[in-house]
Amino acid sequence: MTAILERRDSENLWGRFCNWITTTENRLYIGWFGVLMIPTLLTATSVFIIAFIAAPPVDIDGIREPVSGSLLYGNNIISGAIIPTSAVIGLHFYPIWEAASVDEWLYNGGPYELIVLHFLLGVACYMGREWELSFRLGMRPWIVVAYSAPVAAATAVFLIYPIGQGSFSDGMPLGISGTFNFMIVFQAEHNILMHPFHMLGVAGVFGGSLFSAMHGSLVTSSLIRETTENESANEGYRFGQEEETYNIVAAHGYFGRLIFQYASFNNSRSLHFFLAAWPVVGIWFTALGISTMAFNLNGFNFNQSVVDSQGRVINTWADIINRANLGMEVMHERNAHNFPLDLAAVDAPSISG
């Protein structure tokens with residue numbers, strides 16, 4: 001009888017735990033994806049903060065020339081970063097127990113791999129948690145679809161690109177100036193500005209900003225006034241009210257006359273779908289572009305493509321970009337190789353006896 005009661009109590013405990021995890025009545029929804037999301041994101045955040053403050057220099061290029069990235073080693077908020085894992089490690093899984101000592105693990109940039117892998121797992125679980133909560137509330141799944149765009153972009157620069165290039169040392173550093181360095185080197189090696197998918201991403205981001213500003217300003221300009229002139233117009237809205245808060249007909253008429261009739265949406269639902277889809281599709285294409293360039297399927301190269309009748313080159317802006325790319329590549333990893341790969345016309349001499 002005692003054994004039966006104990007089993008029933010344990011079943012009730014597990015049932016209560018399951019209900020607590022999956023209930024939508026909590027202040028913050030946890031969900032089964034949240035069970036994995038919380039520890040992974042906490043780990044990534046904690047290690048990032050500690051490493052950004054106190055991590056020793058990392059031998060990123062594997063040539064015994066460590067690069068400093070933490071605040072205690074001379075950096076500030078702008079120049080500081082988590083330095084990517086050393087080229088010596090390549091794509092190997094490099095947890096702390098794989099190193100001979102913690103000092104060796106830090107010298108080879110172990111924290112970067114730890115942070116990136118936990119972060120990617122965490123944001124993927126956050127995406128799953130969005131789907132889980134939408135499902136339990138009976139909502140449509142478009143929130144998780146929209147969030148998949150930044151998740152795809154982060155996965156591209158932190159995981160797909162290092163895999164394609166053969167080393168986590170080619171991943172994006174976790175810092176402000178490190179991000180800019182990554183962008184410059186990426187342009188030098190892959191000519192990303194001339195890649196159609198990057199162009200679509202630029203159109204998505206800037207177009208999304210434009211459409212968001214246009215929509216917000218139109219709505220704000222066509223609010224249905226519910227207050228006096230001495231009160232804020234925002235006081236005329238009550239959360240959950242059934243009435244429209246702005247006049248979509250007036251906004252439609254204004255915008256249609258400002259540009260032309262069919263440039264303005266007359267359906268609020270299709271309008272908001274468009275506002276969500278435009279930047280999401282653009283960022284999807286950017287992530288896809290990064291993933292293809294990871295395997296060196298690079299942007300267009302129109303180098304010296306325009307010549308006159310005598311065969312002389314007429315420089316175009318594409319040639320200016322190519323020249324800038326060579327200059328940036330020369331500055332990159334200046335001690336790891338003497339010349340950019342584009343200028344290395346002959347094979348290196350053999351050094352074997």
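The backbone N, Cα and C atoms fix where each Cβ goes, and this holds for glycine too.
If you look up Swiss-Prot, you'll see THR2 marked as N-acetylthreonine, on the strength of sequence analysis.
Taken from Swiss-Prot, the feature phosphothreonine applies to THR2.
Marked as transmembrane segment by Swiss-Prot on the basis of sequence analysis: 29-46 (among others).
The annotation chlorophyll a ChlzD1 binding site is assigned in Swiss-Prot to HIS118 on the grounds of sequence analysis. Sequence-distant neighbours of HIS118 (chlorophyll a ChlzD1 binding site) (same chain, 6+ residues apart, CB-CB distance under 8 A): THR40, LEU41, THR43, ALA44, VAL47. For the recorded site, HIS118 (chlorophyll a ChlzD1 binding site), the DSSP three-state label reads helix.
Among the features that Swiss-Prot reports, transmembrane segment is placed at 118-133 (among others), with the record citing sequence analysis.
Counting only same-chain residues six or more apart in sequence, the Cβ atoms lying under 8 angstroms from the Cβ of TYR126 (pheophytin a binding site) belong to PHE33, MET37, LEU41, TYR147. Marked as pheophytin a binding site by Swiss-Prot: TYR126.
Taken from Swiss-Prot, the feature transmembrane segment covers 142-156 (among others).
Taking the Cβ of TYR161 (site 'Tyrosine radical intermediate') as centre and 10 Å as the limit, one finds 22 other Cβ atoms among all the protein chains shown. For TYR161, the entry in Swiss-Prot reads site 'Tyrosine radical intermediate'.
Per Swiss-Prot, [CaMn4O5] cluster binding site is recorded for ASP170, GLU189, HIS332, GLU333, ASP342, ALA344. Packing around ASP170 ([CaMn4O5] cluster binding site) is summarised by its Cβ count: 22 other Cβ atoms lie within 10 angstroms of its Cβ, all protein chains included. According to DSSP, ASP170 ([CaMn4O5] cluster binding site) is assigned to a helical segment.
According to its DSSP assignment, HIS190 (site 'Stabilizes free radical intermediate') is helical. Cβ neighbours of HIS190 (site 'Stabilizes free radical intermediate') (same chain, under 8 Å, six or more residues apart in sequence): MET293, ASN296, ASN298, GLY299. According to Swiss-Prot, the feature site 'Stabilizes free radical intermediate' maps to HIS190.
Same-chain neighbours of the transmembrane segment (197-218): 251, 254-255, 271, 274-275, 278-283, 285-286, 288-289, 292, 299, counting only residues six or more beyond its ends whose CB sits under 8 Å from a CB of the stretch. Feature annotation from Swiss-Prot assigns transmembrane segment to 197-218 (among others); the stated evidence is sequence analysis.
Sequence-distant neighbours of HIS198 (chlorophyll a PD1 binding site) (same chain, 6+ apart, CB under 8 A from its CB) are ILE192, PHE285, THR286, GLY289, GLY299. Per Swiss-Prot, chlorophyll a PD1 binding site is recorded for HIS198.
A simple way to gauge crowding: the CB of HIS272 (Fe cation binding site) has 13 other CB atoms within 10 angstroms, across all the protein chains here. Under DSSP, HIS272 (Fe cation binding site) is assigned to a helix (H, G or I) in the three-state scheme. According to Swiss-Prot, the feature Fe cation binding site maps to HIS215, HIS272, an assignment based on sequence analysis.
Per Swiss-Prot, quinone binding site is recorded for HIS215, SER264, PHE265. The Cβ of PHE265 (quinone binding site) has 19 other Cβ atoms within 10 Å, all protein chains considered. Under the three-state DSSP scheme, PHE265 (quinone binding site) falls in the coil class.
Beyond the ends of the transmembrane segment (274-288), by six or more residues, the same chain brings 142, 145-146, 148-150, 152-153, 155-156, 197-198, 200-205, 207-208, 211-212, 215, 265 to within a C-beta distance below 8 angstroms of the stretch. Residues or ranges marked as transmembrane segment in Swiss-Prot (evidence: sequence analysis): 274-288 (among others).
Distant neighbours of the transmembrane segment (118-133): 24, 29, 31-34, 36-37, 40-41, 43-44, 47, 139, 141, 143-144, 147-148, 150-151, 154-155, 158-159; these residues of the same chain sit at least 6 beyond its ends, with a Cβ under 8 Å from one of its Cβ atoms. Taking the mean position of the Cβ atoms of HIS215, SER264, PHE265 as the quinone site, the remaining residues of that chain whose Cβ falls within 8 Å of it are MET214, LEU218, ALA251, HIS252, PHE255, LEU271. According to DSSP, HIS332 ([CaMn4O5] cluster binding site) is assigned to coil rather than to any helix or strand. Most Cβ neighbours within 10 Å among the binding-site residues GLU189, GLU333: this distinction goes to GLU189. Under 8 Å from some Cβ of the transmembrane segment (142-156) lie the Cβ atoms of residues 119-120, 123-124, 126-128, 130-131, 134, 273, 276, 279-281, 283-284, 286-288, 290-291, 294, all in the same chain and six or more residues away from its ends. A straight line from the CA of HIS272 (Fe cation binding site) to the CA of TYR161 (site 'Tyrosine radical intermediate') spans 33 Å.
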